[in-house]
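**Q** Once you've had a glance at the structure underneath, I'll fire off some questions.
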Amino acid sequence: ERFAPRYIELVIVADHSVATKYNDNVTAILSWVHQLVNNIILFYRDLNVHFTLSAVEVWSNGDLINVQPEATVTLNLFGEWRERDLLNRRMHDNAQLLNNVALDDNTIGLAYDEGMCDPKYSVGIVKDHSAINRMVAATMAHEIGHNLGMNHDGSQCNCGGNGCVMSAVLMQQHSYQFSDCSKDEYQRYLTNHNPQCILNQP
């Protein structure tokens, strides 16, 4: 194995816009979120990164932060909320906000680079932008990739197919593989930062 195993305990928050999109059908939302995680698990197999879904929170009664089109602002507020609120009641390593708000500049996701395990910065936001689960999962896997030190792929990066996970553009014909560049960047991140929270097996 090129990579030692790592274990990410994930919390996914579905905001009020997602609750509304699914007509407040929490069962449907949970099913969708479980499918997302199952897809993310597949994408990360090559990196020996294992995911468990620690919790799903659905903001049925209204958002607990001010979710807004400016993605950087929403991401910052979500990180602050995680540190202040979520971490105090739920052990986890990383939190992702699933939303259905029209984000500025056609953004479908945003995350902090190298944020994994940091109380505020181990977060991402992902738009529920497709009826194809794998497409949304690819975006969430991409944002978690940023948290794990991966940058966008340049033209020289290769994953043996179209559209690697860290490609700047999401394509229908995605290969859902991490490129050689991503693997090198992930390895460098582990070496330089060795984020402690993902060492323990849940």
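Cβ coordinates come from backbone N, Cα and C, glycine included.
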**Q** Going by Swiss-Prot, GLU9, CYS197, ASN200 bind Ca(2+); tell me which of ASP93, ASP105, ASP113, ASP118 is listed for that site too.
**A** ASP93
**Q** Among CYS157, CYS164, which cysteine does Swiss-Prot link to CYS159 through a disulfide?
**A** CYS164
**Q** Can you sort out which of CYS117, CYS181 is the disulfide partner Swiss-Prot gives for CYS157?
**A** CYS181
**Q** List which of the recorded positions CYS117, HIS142, HIS146, HIS152, CYS181 have their Cα within 10 Å of the Cα of CYS197 (Ca(2+) binding site), in sequence order.
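**A** Qualifying among CYS117, HIS142, HIS146, HIS152, CYS181: CYS117.
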**Q** Return the member of CYS117, HIS152, CYS181 nearest to ASN200 (Ca(2+) binding site) in space, with distance defined Cα to Cα and candidates limited to these recorded positions.
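**A** Spatially nearest to ASN200 (Ca(2+) binding site) by Cα position is CYS117.
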**Q** Just the number: how many Å between the Cα atoms of ASN25 (N-linked glycosylation site) and GLU9 (Ca(2+) binding site)?
**A** 25
**Q** For the Zn(2+) site (HIS142, HIS146, HIS152), what does the 8 A shell look like? I mean other same-chain residues with CB within 8 A of the CB centroid.
**A** GLY109, ALA111, GLU143, GLY145, MET150, ASN151, VAL165, MET166, ALA168
**Q** Please name which of the recorded positions listed here, CYS117, HIS142, HIS146, CYS159, CYS181, is nearest in space to GLU9 (Ca(2+) binding site), Cα against Cα.
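**A** In terms of Cα distance, GLU9 (Ca(2+) binding site) lies closest to CYS117.
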**Q** Whole-number answer please: how many Å between the C-alpha atoms of ASP93 (Ca(2+) binding site) and CYS164 (disulfide bond)?
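**A** Here the two Cα atoms are 25 Å apart.
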